[in-house]
Amino acid sequence: MSHFPKLLSSQIAYDVARTMLDGFDKHYRLFREVSIEAKARFEVGDWHGLQQLQRDRIAFYNQRVHETIVTLQDEYDAEDIEDEIWQQIKLHYIGLLTNHHQPELAETFFNSVFTRIQHRSYFNNDFIFVRPAISTEYIENEESPIKPTYRAYYPGSREGMAACFERIVNNFQLERPFEDLKRDAGYVARAITEHFGEFRIAPNFQVHTLSSLFFRNKTAFVIGRVINGDHTYPLVVPIIHAASGKLVLDTVLLHREQILILFSFAHAYFMVDMEIPSAYVTFLRDLLPRKSRAEIYTSLGLQKQGKNLFYRDFLHHLQHSSDKFISAPGIKGLVMLVFTLPSFPYVFKVIRDFFPAPKETTRELVKSKYQLVKQHDRVGRMADTLEYSDVAFPLSRFDDALVRELEQHAPSMIEYQRSKQGEDEIVVRHVYIERRMTPLNIWLQEGTDEQVDHGILEYGNAVKELIAANIFPGDMLYKNFGVTRHGRVVFYDYDEIEYLTDCNVRRVPAPRNEEEEMSGEVWYTVRPHDIFPETYGTFLLGDPRVRAAFMRHHPDFFDAAMWQHHKDRLLAGHVHDFFAYHSQERFIHRYGSGATGPATEEPRRAA
C-alpha cells in the first residue's frame with residue numbers, strides 16, 4: 001500500500017525535484033550535442049574524433065549524477081531529508097515530467113541520484129521509479145514538423161524507388177559530396193527489386209526513415225522500413241567514405257537477421273540525435289520485435305535506461321519462474337565466479353576475493369578492464385556487460401552449492417538480509433551481467449566437422465578484428481570466447497586484455513645450444529607485455545579437426561608479422577573499417593567497379 005502524502009506542502013520538495021530535473025536536462029542536452037557533433041566528424045572523416053566523442057559520452061551520465069548529488073548535499077543536506085519529503089519530491093518530479101519529451105530517461109536519472117544518497121532499504125516504488133509513472137506513448141505528436149521522428153516517402157511505383165532514395169539521402173543534408181548518388185540510389189532500388197522480385201505495388205506503398213542518421217565506427221546508417229500492403233520490411237542503408245574521398249551508399253540491408261546483427265550486444269553504441277528517444281525505440285521495435293526495449297535503448301547509447309529496463313524485465317522473470325540460480329556449466333574461471341538462471345538467457349559474473357596462481361591481478365584492475373571495453377569500439381566481437389551494485393536475490397532461488405561457492409570464494413561480495421515482505425535475500429554487492437552464449441570450447445568439442453570449421457573461421461576472424469581495433473585479448477583459450485545464436489564468435493573474458501599498441505610483438509629466439517633446444521622450460525627472457533604468436537599453437541591446435549581448420553583459414557595467425565603489421569598501422573593512426581555485414585553484400589561486389597570501396601581497404605565483417 002502506498003503511503004504518499006495527500007498534500008504537497010514542502011517548498012524544499014519542489015526545489016529538490018527541480019534541481020534533479022535540471023541535472024537530467026543538462027545531461028541530455030550534452031548527450032544530443034555529442035550526437036550532432038558526430039555528424040560533423042563523420043563528414044570530415046575525423047575518425048579519432050568520433051572515437052573520443054563516444055568515450056566522452058559514456059562518461060557524461062555519471063558526471064551529471066555526481067554534480068546533481070553535490071548540489072543537493074550543499075544546498076539541501078540531502079542525506080538528512082525526511083522520508084515524507086522524499087515522497088513529495090517524487091510526486092513533484094512526476095508533475096514536472098507531464099510534458100517532458102524524455103520522461104523515462106528522467107525517471108531513471110532520478111533513481112540514479114536517489115540510490116546514491118539513500119540506503120538500499122529505500123529502493124522501492126514509494127521513493128524511486130521501480131515502475132514508470134509517465135507514459136511515453138504518442139509523445140511524437142508534439143514534435144516539430146521540421147524534424148519529426150521519421151519521414152514518410154511515397155515512391156509511387158517500382159520505377160520511382162531510385163528517385164525516392166535519392167531524396168531520402170539528400171534530406172539528411174550531409175556536407176560532404178557524394179561520388180554518384182543517382183548511381184547508388186539506383187543500386188538500392190535494384191537490390192530491393194532483386195530481393196522482393198516483381199512485387200505488386202499496394203495503394204499504401206511507402207518508405208519511412210528515421211530523421212537522424214545512426215553513426216558508428218566509420219559509417220552513417222539510414223534506418224527505415226518499407227510498407228507495402230499488410231507487410232513491413234526493415235531497410236538499412238550504410239553510407240561510407242569512398243576511395244575518392246566522397247560519400248557512397250555501400251549497400252542496402254533488407255533481412256531482419258542482418259538488422260539484428262547491426263544492433264547486436266557485441267557492437268559499440270550508436271550516436272544518434274533524438275528529441276524523443278521513446279519514439280525511436282518504438283520504431284525500431286517494429287523492425288526488430290525480438291529485441292527488448294532494454295536492448296534497443298542500450299544500442300542507442302542510453303545504456304542507463306537499458307540497464308533500468310533490463311532489471312525490471314529480470315524482476316518480472318523472477319516473478320514468473322521457479323528454477324534456481326546455479327553455477328554456470330563449463331571450466332571454472334580463475335578471476336570470476338559465474339552463475340546463471342537456466343530459464344533466463346544471461347550469466348552473472350562476480351569477481352573472486354582471491355585469485356589462484358598464475359593469475360596476478362586485483363579487483364580494481366579487473367573492473368578497469370571491463371570499463372575499457374565499455375568505452376572501446378567492440379567491433380561486433382566483444383560482449384557488452386551490465387554492471388550492478390547491491391542486487392538482492394531471493395535466497396530460496398539459489399542452489400545450495402552456489403551459495404557455498406560464493407561464501408568460499410567471494411565472501412566480501414555477498415551479505416544476507418530480510419526483505420520488507422519478510423523473505424530471506426542474498427545481496428550481491430557487485431556483479432556483471434552478460435548475454436549467455438555457448439562456450440567455444442564446448443562448441444568445438446561437440447560440433448560436427450562443419451561446425452568446427454565455422455567455429456575456427458569465426459575465432460580467427462574475431463581475434464584479427466580485435467587486434468585491428470587495438471585490443472589484444474590476452475588469454476585466447478577457446479573457453480574465453482562464446483558462439484552467439486547467429487553463429488558469431490564473441491570474446492567475453494576481459495581481465496587480461498591490453499591495447500595491442502602497448503604490447504611487444506616478438507619472435508621466439510633460436511636456441512643457443514642443445515640444452516636450450518631440448519629444454520621444457522622457457523629459456524629466453526619474457527618481459528611484461530611481450531607476446532609470442534608462434535607459441536599460440538601449443539594450446540590452440542591440440543584437436544586434429546581444429547588444426548586442419550586453422551591451417552585452412554588462418555595460417556598467418558601464428559606469424560608475428562601479421563600481429564606487428566596491425567600494430568604498425570595503429571601506431572600510424574590508421575582506423576580500420578568494420579562493417580556488420582558480409583562483404584558480398586556490398587554494391588562494389590554486387591554491381592562491379594562503378595561502386596567504389598572505402599578509402600582505405602576492404603572492411604572486415606564484424607558480425
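Keep in mind that glycine also has a Cβ here, set from the backbone N, Cα and C atoms.
Among the features that Swiss-Prot reports, ATP binding site is placed at A328, P329, G330, I331, K332, G333, L334, K349. Taking the Cβ of A328 (ATP binding site) as reference, residues of its chain lying under 8 Å away and at least six apart in sequence are, in sequence order, V338, F339, T340, V347. DSSP classifies A328 (ATP binding site) as coil under the three-state reduction.
Around the Cβ of D384 (active site), the number of neighbouring Cβ atoms within 10 Å comes to 23. Swiss-Prot lists D384 with the feature active site.
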*asked:* Just to confirm: which same-chain residues, 6+ apart in sequence, have a Cβ under 8 Å from the Cβ of K349 (ATP binding site)?
replied: M336, L337, V338, T385, V431, Y432, I433, E434
*asked:* I need the CA-to-CA distance for D384 (active site) versus L334 (ATP binding site), whole Å please.
replied: 21
*For the binding-site residues listed here, P329, G330, which shows the highest count of neighbouring CB atoms within 10 A?*
G330
